[in-house]
Amino acid sequence: MREIVHLQAGQCGNQIGAKFWEVISDEHGIDPTGTYHGDSDLQLERINVYYNEATGGNYVPRAVLVDLEPGTMDSVRSGPFGQIFRPDNFVFGQSGAGNNWAKGHYTEGAELVDAVLDVVRKEAESCDCLQGFQLTHSLGGGTGSGMGTLLISKIREEFPDRIMNTFSVVPSPKVSDTVVEPYNATLSVHQLVENTDETYCIDNEALYDICFRTLKLTTPTYGDLNHLVSATMSGVTTCLRFPGQLNADLRKLAVNMVPFPRLHFFMPGFAPLTSRGSQQYRALTVPELTQQMFDAKNMMAACDPRHGRYLTVAAVFRGRMSMKEVDEQMLSVQSKNSSYFVEWIPNNVKTAVCDIPPRGLKMAATFIGNSTAIQELFKRISEQFTAMFRRKAFLHWYTGEGMDEMEFTEAESNMNDLVSEYQQYQDATAEEGEFEEEAEEEVA
């Protein structure tokens, strides 16, 4: 079986990671003790991807929980599914990273990283054929961003041919914990561009807007934001967890979604959007699902896809529905909005259907888009970064941990390069190459 090892780092990473395990354990019929109480063979057919089967038929998540302070991990352990994890897989320090990327990446995190790699190695060894890793973390703090990216590069060294997939929560001033978030995020993106194969950009700005505008929550809490994250994560991993043909493993997803190695930052979307604890009274139709799924308001990254073009798209429909109708709707979206899909990648939209819907919904759809509009998100962080960096504000926290200003400048220019690359492919047309060749022939 093709297994995935899950890592969660830092406060945010552990909170959304814990929610992820609650949601998928529920979908696979696994209770908090790890016992199976499901009602469908589909739930067990690919259970090995995320779970180890222990003695006595108990299922244990292939999860490694990491933090530089014990607080969040204690609350995960005492949470609803806290007892399902392997106790040895909790790896934590005592000092904390204090929202400082340098502490997570170079000092405190570097001391803990070998202990984490030992656990990762152990999990990888119990796999029959490991396909890759997924990490949940935020880019705004110290541990998830600094130590998370350190873990990625260390795992990359040791498992160079395995896929590295991250769920990265991008900071926003609307839901801000600290003033140095733009620094931490820029330094992290600098690492993610080079070291991951696929990154789902989960943008706090977008999550906040969805809660506020669509779900009409006047003061969204982290619980509300995490509810959206867990729905999205459950959706984008559906193809990996349930039997199916399309994007059935991380590598096939990467092949379909990533046309150029650096451009692997995806914009996830979800439909229908529901608030925590609410029930859906009316099942949506396939056309409604498709329309909502492509709607800018349903995107988990605060970028408007109408400001860019899609390089590639993967859609996952869940629930009992007519495949024919799904195909018709997806084709209709593409033909009506053809200008928003680059024409030099034919068949760049792929659709999968899974019979098992998420809990509480009859039908749902998840969207994964590789759109050039994601540059808006990087521009936003870059502007905030520059505003502080030109004054060298708060830099002493980083240089005090042994970092050099040079590294900030490099990270900044790498992110700006990424923005220009997206822009370049947004403007590219299919004919460009042909004209150049003709011109050369005439000159000759």
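Here the Cβ of each residue, glycine as well, is placed from N, Cα and C on the backbone.
Listed in Swiss-Prot:
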- GLN11, GLU69, SER138, GLY142, THR143, GLY144, ASN204, ASN226: GTP binding site (BINDING)
- GLU69: Mg(2+) binding site (BINDING)
- SER172: phosphoserine (MOD_RES)
- GLU436: 5-glutamyl polyglutamate (MOD_RES)
- 1-4: motif 'MREI motif' (MOTIF)
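Location within the structure of each feature annotated in Swiss-Prot.
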residue	record	DSSP (3 states)
GLN11	GTP binding site	helix
GLU69	GTP binding site	coil
SER138	GTP binding site	strand
THR143	GTP binding site	helix
SER172	phosphoserine	coil
ASN204	GTP binding site	helix
ASN226	GTP binding site	helix
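Ranked by how many other Cβ atoms sit within 10 Å of their Cβ, the binding-site residues THR143, ASN226 place ASN226 at the bottom. Within the same chain, the residues at least 6 positions away from SER138 (GTP binding site) whose Cβ sits under 8 Å from its Cβ are GLY10, GLN11, CYS12, GLY13, GLY144, SER145, SER168, VAL169, VAL170, PRO171, listed in sequence order. Note: the CA-CA distance between SER172 (phosphoserine) and GLU69 (GTP binding site) rounds to 24 Å.
The Cβ of GLY142 has fewer other Cβ atoms within 10 Å than any other of the binding-site residues GLY142, GLY144.
Remark: GLU69 (GTP binding site) has PHE92, GLY93, GLN94, SER95, GLY96, ALA97, THR143 as non-local neighbours, by Cβ distance under 8 Å and separation of at least 6 in sequence.
Each of the recorded positions GLN11, SER172, ASN204 was scored by how many other Cβ atoms lie within 10 Å of its Cβ, and the smallest score goes to SER172. In the predicted structure, the motif 'MREI motif' (1-4) carries a mean pLDDT of 90.
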